[in-house]
Amino acid sequence: MNLMRTAMLLAFMTVLFMAVGYVIGGRGGMMIALVIAAGMNFFSYWNSDRMVLRMYRAQEVDEHSAPEYYGIVRDLAKNAGLPMPRVYVIDSPQPNAFATGRNPENAAVAASTGLLHSLSYEEVAGVMAHELAHIQYRDTLTMTLTATLAGAISMLGNFAFFFGGNRENNNPLGFIGVLIAMIVAPLAAMLVQMAISRTREYSADRRGAEICGNPLWLSSALRKIAGAAQVIHNNDAERNPATAHMFIINPLSGERMDNLFSTHPNTENRVAALERMARETSTGSTAPVRPDNAGRKSRSVPRTGWGRGGSEPPKGPWS
């Protein structure tokens, strides 16, 4: 099903890309846009994960440079029956995280330094379990390809303003068509992102809670991340808004309501769903992830440890 959705998504984005090309240069522009879109789809399939990681200047870590963080991901991947993904750290004060990769065998997870500094061990486990759920459901391919193509469509819409405003460029619609392309193309790309992101967050929350073994760990983390995202800006995300739907919580400023134009479901709705899940099941479907006590002698992020940052999270078996 996810493969079919991905194919339909790519087809829609390609048609949208061609439509903007038609506005810029008529039939010739449309054909050029088709060739470019086909090349981008092929390139994005193989390279979009590296492109997104590069956008955020993510640094890969291992069991030596970030033993606690790496150990959490390793244990959760084992719980989920997934191959070990590559593990990255993003230097950003805003607590957040995302997953990327075309399949579970070529996946990566990334957490910000702000997340590792401000969340407890249990909360980080809940967050990373959510990201592994996206990998298990193969959401990461669709999310990453969408981010790449949506960004390209937005740029092409802006490009139309400078080069498509007259009929001498084979533009059959003139300046009015350019204005439509500038407004409609980025908006349509954004709506596609919202459609694929909002429904998948709930399913990833539920599966993530099963992977880590306690829905309340994730619900506590979501509250903290959402609160911090309102006051701590993510400058890289603001420069690359097409990637916003990839994060566990919308990293952009100005997102408050669960409405048509939100890339994520309302946080309180997600928390309520997780709390219902916790009440329905006294124990998770898998054993709670437990820390590697030897690894906990070292810091997960250089010169930092696990901060409690406000209200205490639900206690884990090691607390």
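Backbone N, Cα and C atoms are what each Cβ position is placed from, and that goes for glycine too.
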Given that Swiss-Prot annotates HIS130, HIS134 as binding Zn(2+), state which candidate in GLU63, GLU68, GLU105, GLU201 belongs to that site as well.
GLU201
For the recorded Zn(2+) site, whose residues are HIS130, HIS134, GLU201, find every other residue on that chain with a C-beta no more than 8 angstroms from the centre of their C-beta atoms, and list them by sequence position.
ALA99, GLU131, ALA133, ASP139, ARG200, SER203, ALA204, ASP205, GLY208, ILE248
Can you tell me how far the Cα of GLU201 (Zn(2+) binding site) sits from the Cα of GLU131 (active site), in Å?
10
Output the one of GLU131, GLU201 that, of all these recorded positions, has the highest number of other Cβ atoms within 10 Å of its Cβ.
GLU131
Across all the protein chains here, work out how many other Cβ atoms are within 10 Å of the Cβ of HIS134 (Zn(2+) binding site).
27
